[in-house]
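Peer 1: The structure is given below, and queries will be raised subsequently.
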Amino acid sequence: MCGIIGVVGKNPVNQLLYDGLLVLQHRGQDAAGIVTCDGNTFYMHKNNGLVQDVFQTRHMRSLQGNAGIAHVRYPTAGSSSAAEAQPFYVNSPFGIVLGHNGNLTNSTQLKEEMFRQDLRHINTSSDSEVLLNVLAHEIEHTAHSAVLNSDMIFEAVAGVHKRCLGAYAVVAMVANFGLLAFRDPNGIRPLVIGKSETEKGVEYIVASESVALDVLGFKLVRDVEPGEAIFIDMDGNFFSRQCAEKPKLSPCIFEYVYLARPDSVIDKVSVYQTRLHMGVSLAKKIAKEWGDLHIDVVIPIPDTSRPSALQLANALNLTYREGFIKNRYIGRTFIMPGQALRKKSVRQKLNPIGMEFKGKNVLLVDDSIVRGTTSKQIVQMARDAGANKVYFASAAPPVRFPNVYGIDMPTRDELLATGRTDQQICEEIGADALIYQDLDALIEAVQLSNPDIKMFDCSCFDGNYVTGDIDETYLNNVESARGDKLGHKKPANSSTQLDLNLVTIKEYEEAV
Ligand SMILES: O=P(O)(O)OC[C@H]1O[C@H](OP(=O)(O)OP(=O)(O)O)[C@H](O)[C@@H]1O
Ligand SMILES: NC(=O)CC[C@H](N)C(=O)O
Ligand SMILES: [Mg+2]
């Protein structure tokens, strides 16, 4: 779940893209990049690190032009190397840059095809570099001369849909032509369009989440439809077309649970409202099945679970208290690379307020339990702070299956709930009771805001993968390539990579 933005403006867009990336930082903390386009020239700066560490004044000054794209990365394929920071660039045809949110599920096969059939070299192990080269190849074949138009671009995107499987929300720029954005035929990852009327004319933006539009002063126009592509030329003319044969909206339900910011609206669903609904349905379950808990206080685990915990407390007529204080300078732990770093960061990030726990039966509410890194430590902190009973509620069902669409949880081994009953999970985290949301209730919580969404990608909860190409062999291959125990692999030919700073996750963990 990286964050992407693309803008065609009437003034320089460097600051706008930077500010937009800051707003999307919660979608990726590993690397950041901006490319601007001034006539026929691209200006690019990208590196590992948080947005405010990657860009210094001198970089910002060099990012010239009234159009550009930007990316924050949370790696789900390849390595964490700076060489895989996005956007990626290819010089032919025309000069194209691309930023990708999601994960291709057939990138190994595509990479092979790229080399053997299309005679293209992919320098990294990133699936996004493969995706860019597929797009470049398709554009090369639809454009008959040096003149490119939106019809040719849309035909090329139709070609991308035929070849690529998995999840991809994409922003791309073709030098001197314009901004292209598209979403895979299932619309797994989000992408919205915004607009701003200025004295000089209309400016357009596309971004992973509507919150970026709010903060940058754009009005939300609509979502990019699954399978749809939009193209905005350098003069600000807007074109759109459905490029997939059988589009079917099946957004990732985990966006609503955890990934997206609550103040975003995705596929006409307010993330905040959904999280409130999740709290109500969880409260109903507790009232029905867990009436004997005698809860004194409901405590959220900051940040993401707050709206659900608050509404759960309201629905049960219980006291809600902020029992954990979050260090505002520590980022999201779940999307940090490597288990040692995630584990260490939970304690650095959260600290209990003793008086909220001492002698009380506390119900801790989190949005989800994935590896159990947070819940195990939090339950212990509550006990150390003197709680009488520690109950734990998760606003999402048990996460039992790997995600292959852009969330880095590739192995069943690392998921706390895989192969365990609720009772065993409860024992693992050391709680006195554990209550999980039911999947039907979670789906209903989203559908209450938009009943038109009939299908979701719930694969991490139910093991049904909407792209239909995921089987046991695929999962086994991903597990052996990306398992946490392996560390994220350093590319075999690191010395030849365009990156002097390669560090594996393992080396990084050992260093901290
Ligand atoms: O079971 P785990 O593997 O620990 O994963 C789940 C936890 O990780 C996330 O929090 P995170 O700290 O990333 O972000 P937040 O501040 O948005 O809640 C999520 O909100 C849960 O608290
Ligand atoms: N989380 C994502 O969207 C990741 C995008 C891409 N697969 C990468 O690893 O860079
Ligand atoms: Mg959390």
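Glycine too: its Cβ is placed from the backbone N, Cα and C atoms.
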Peer 1: Could you look at T274, T304, T421 and say which one TrEMBL places alongside D366, D367 in the Mg(2+) site?
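Peer 2: Record source TrEMBL; matching candidate: T304.
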Peer 1: These are the binding-site residues: D366, D367. Which one scores highest on other Cβ atoms within 10 Å?
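Peer 2: Within the set of binding-site residues, the most crowded position is D367.
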Peer 1: For D366 (Mg(2+) binding site) and C2 (active site, nucleophile), determine the Cα separation and express it in whole Å.
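Peer 2: Answer for this pair: 22 Å between alpha carbons.
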Peer 1: Report, in whole Å, the straight Cα-to-Cα distance of C2 (active site, nucleophile) from T304 (Mg(2+) binding site).
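Peer 2: Cα-Cα, rounded: 17 Å.
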Peer 1: Could you please provide the mean pLDDT value for the domain 'Glutamine amidotransferase type-2' (2-235)?
Peer 2: 96
Peer 1: Could you tell me the C-alpha distance between D367 (Mg(2+) binding site) and C2 (active site, nucleophile) in angstrom, no decimals?
Peer 2: 20
